[in-house]
Amino acid sequence: GTDVSAALDGPPHRHSANARRWLEQYYVGEMEPGEEQVPPAAPGCPGFSFSFQSHPEPVDEKAADAAAQTPTRLDPRCKTVDVEKDLVDWQKPLLWQVGYLGEKYDEWVHQPVDRPIRLFHSDFLESLSKTAWYVVFMVWAPVVLYLSWVSYTSLAQGNTRLFSSFTTEYSIPVHKYYFPFIFLLGMFLWSLLEYLIHRFVFHMKPPASNYYLITLHFLLHGQHHKSPFDSSRLVFPPVPASLVIGFFYGVLQLLLPEVLGLSVFVGGLCGYVIYDMMHYYLHYGSPKKGTYLYGLKAYHVKHHFEHQKSGFGISTRFWDHPFRTLIPEETFEKED
């Protein structure tokens, strides 16, 4: 029975338009006069309120059933999201619809909703596009452990030398003791790759006239921004991930000696697994206030709901600093 409009206006910060729109999905109705504990909100949407009872009174089941069948009076300023009047048909797969939105796509995809998304007509393809968070760990963690052992034992043979393709006299031997540092280098390079992919691929703005690029964007990342709490779409499914991972493995094998490239690769693969696990946790976890993960969660939520053109770092904010895409710290100033 307490009006939370003041809380939405801050402090500690003023909530975004998307945060207010997000609440509309759960709008039930208005409290009758006299039920509220504080004066009602000033005219205008929203005047959201929540009701709690510490000692609930016995419920009359017949009365409850009758109330449930009675249509709720909705404030026309604050109505629920009407999926039937949305720009897409939520009863059908969305992937082949979004390309027709054209100029409306960018605004539509950055107005998040709390509902699952279906991408494909085919049940098989749909299953390949979804996965539980623990599947990523179960699939790739053993690969990381195995390739780490292969890399270390190969380096231990003492046959790996850097720059040997250019000169044999001045080539540099790579000892097994270097493996942890090469592994960490791979993780560091992954963090940069994570930032670049998120910013320049996942957040490209497809031309309004290009149906296929809009469809591709929605498949890669747009569907995550449209439904950021669809738990089955928060990590990269192993089948398409294996294609991307295989590509980067091939690139490293071309650029570096075989064992050295494998050592960098396995570090990067470990970084990817940590990133995917962390991304899921930032959406569904409850880190303790003041911790590193708490700050990252708040940072990532801001990226989804208000700052979609900045805050591209997920597992770290490090690269947002040199690339100048850091989400600014908010200083609360109450409007008159």
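Glycine is no exception: its Cβ is also placed from the backbone N, Cα and C atoms.
These numbers come from a predicted model, not from an experiment.
Under the heading transmembrane segment, TrEMBL lists 132-152 (among others).
Residues annotated as transmembrane segment in TrEMBL: 177-197 (among others).
According to TrEMBL, the domain 'Fatty acid hydroxylase' annotation covers 183-325. With DSSP classes pooled into helix, strand and coil, the tally for the domain 'Fatty acid hydroxylase' (183-325) is 101 helix, 0 strand, 42 coil.
Summarising the annotation, TrEMBL assigns Zn(2+) binding site to HIS198, HIS203, HIS221, HIS224, HIS225, HIS279, HIS283, HIS300, HIS303, HIS304. Note: HIS303 (Zn(2+) binding site) has non-local neighbours SER310, GLY311, PHE312, ILE327, i.e. same-chain residues 6+ apart with C-beta under 8 A of its own C-beta.
The list of residues near the transmembrane segment (234-256) in space but at least 6 beyond its ends in sequence, with Cβ under 8 angstroms from a Cβ of it, reads 128-133, 135-136, 139-140, 193, 224, 262, 264-265, 268-269, 272, 276-277, 279-280, 283-284. Under the heading transmembrane segment, TrEMBL lists 234-256 (among others).
The transmembrane segment annotation in TrEMBL covers 262-282 (among others).
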| remark: The answer for the transmembrane segment (177-197), taking Cβ pairs under 8 Å and residues 6+ beyond its ends, is 148, 151-152, 155, 248, 260, 263-272, 274-275, 312-316, 318-320, 323
| remark: Near the transmembrane segment (132-152) in space but 6 or more residues beyond its ends, with Cβ under 8 Å, are 176, 179, 182-183, 231-232, 234-238, 241, 259, 262-263, 265-266, 269-270, 272-273, 276-277, 280
